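Visitor: In case it helps, Swiss-Prot gives these features for our protein:
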BINDING   GLY128, ALA129, HIS130, GLY131, LYS132, THR133, THR134  ATP binding site
Amino acid sequence: MSTSAKALTKRLIEIPEMRRIQHLHFIGIGGSGMCGIAEVMNNQGYKVSGSDITESLVTKRLEQIGIDINIGHDSKNIANADVIVVSSAIDRSNPEVKAALEARLPVVRRADMLGELMRYRHGIAIAGAHGKTTTTSLLTTMMAEGNLDPTYVIGGKLNASGKNAALGSSRFLIAEADESDASFLSLHPMAAIVTNIDQDHMETYGNSFDKLKAAYIQFLQNMPFYGLAVVCGDDPELYAMIDDIGRPVLTFGLEPFNDVQAVDLVTEGTKTHFTVLRRDHEPLRLTLNIPGVHNVYNALAAITMATDEGVDDAAITRALQKFEGVGRRFEQHASVTIDDGDVLLIDDYGHHPKEVDATIKAARQSFPERRLVMLFQPHRYSRTRDCFDDFVEVLSSVDELLLLDVYSAGESPIAGADTKALARSIRLRGAVEPTIVDKKNIAAVMQRLLKANDMLITQGAGNVGQIAIELAANDLYIK
């Protein structure tokens with residue numbers, strides 16, 4: 001059988017009704033939600049191409065695995081494509097979208113493409129305001145350790161594999177479900193996890209928390225009646241929704257009424273030891289290689305689902321011991337020697353006040369002797385406005401605070417929701433004196449500010465992660 005025939009056979013097995021599609025083009029392919037799906041489709045034997053406005057480590061890696069990448073958007077980029085896949089950030093004014101519509105090519109959302117991948121598999125979708133990426137990564141690691149070899153699509157790089165996604169040999173597909181644009185409603189999984197609910201991305205839901213909660217219920221009701229919902233019982237909003245789900249439910253948390261409970265938590269550096277109590281199972285003592293109580297919750301969610309899917313305790317134990325974390329989730333980048341000590345650089349993606357607070361608490365627990373210096377980049381003017389007071393409170397708890405300009409993510413500025421306003425309010429609170437920095441003065445600020453045995457945390461969902469890489473490459477500018 002020829003190579004092309006083998007590839008076609010593979011595609012027909014994976015997604016039988018997509019036999020008419022040979023070439024998929026992804027607009028915005030460098031995005032965290034797009035690159036994983038593109039990689040899975042490439043691994044299944046489809047021709048995959050993509051475009052993005054800027055080159056990145058992600059686009060470079062996709063090129064290395066054989067995906068054609070164009071930097072910049074141009075109608076010529078979609079030549080010979082059969083279908084166009086777009087992220088929620090791409091609108092009809094994009095020249096590639098315009099060309100596709102003129103050519104009568106189907107233009108589908110990322111979530112719809114993920115939904116097609118999931119339709120022919122045993123899909124497990126992970127939703128929630130916080131912790132989706134880590135929970136998805138933990139569950140993937142557990143099921144792989146249990147020899148279930150799942151396909152996975154994650155919103156961050158799994159450090160152990162260096163990938164956002166991989167094609168497995170089993171029927172399992174594990175994927176993040178994105179509530180930010182309500183696209184998770186396009187998914188129809190066999191089982192689902194909801195880590196928590198919070199008032200974020202409220203513009204999608206008409207600034208109505210009730211509409212947001214109703215969307216989560218609809219997401220869970222997209223499962224068949226024999227599916228399984230795994231939800232955090234310690235989240236009062238989630239717990240109050242259980243009776244409306246209409247599907248089998250298992251709860252997890254630290255409170256004793258949960259189906260799966262963690263007790264006897266002990267922090268040891270960046271590790272957390274805890275015991276899991278489950279009905280009809282012996283207590284299981286575990287060690288998690290990432291810090292923070294929030295990550296114990298993420299681990300509990302994954303353990304609950306993995307146990308139900310038949311992963312044994314030995315595999316769960318090995319998975320947690322081996323887990324190397326996720327890119328930009330409390331990722332330790334560098335340790336730079338200075339005077340009689342060092343400065344530790346940690347990078348974290350968290351951009352909501354609760355996520356930033358969780359990072360700060362995990363850092364304090366892991367490195368209590370270090371001074372905490374945070375370089376924070378607010379993400380979106382709307383989030384800065386909606387969570388302004390919470391940001392002021394949380395950011396006031398660090399020892400030194402550096403603030404970058406708001407990463408707009410395409411939004412127009414909002415009066416009173418910029419970095420200067422945030423700095424003024426934090427200064428008035430009196431706990432810490434914020435310093436506004438940019439790329440031009442960051443080197444001088446680091447040289448002046450950092451001391452032996454500090455930890456510097458770069459925090460946010462914008463391009464601050466790239467700044468962390470540059471800081472690490474230049475020894476934090478302190479040498």
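Positions of Cβ are set from backbone N, Cα and C atoms, glycine also.
Since the structure is predicted, the reported quantities are computational estimates derived from the model, not experimental observations.
I would like each feature placed in context: is it buried or exposed, what are its neighbours, and how far apart are things?
Guide: Non-local contacts of GLY128 (ATP binding site) by the CB criterion (under 8 A, 6+ apart in sequence, same chain) comprise THR135, GLU179, ILE193, VAL194, THR195, ASN196, ILE197, CYS232.
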Visitor: What other residues of the same chain, not counting GLY128, ALA129, HIS130, GLY131, LYS132, THR133, THR134, have a CB atom within 8 A of the CB centroid of the ATP site?
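Guide: My list of surrounding residues reads ILE126, THR135, THR195, ASN196, ASN298.
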Visitor: On a count of neighbouring CB atoms within 10 A, which of the binding-site residues THR133, THR134 is highest?
Guide: THR134
Visitor: Can you name the residues of this chain that are 6 or more positions from LYS132 (ATP binding site) yet have a C-beta less than 8 Å from its C-beta?
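Guide: Correct list: ILE126, GLY155, GLU176, ALA177, THR195.
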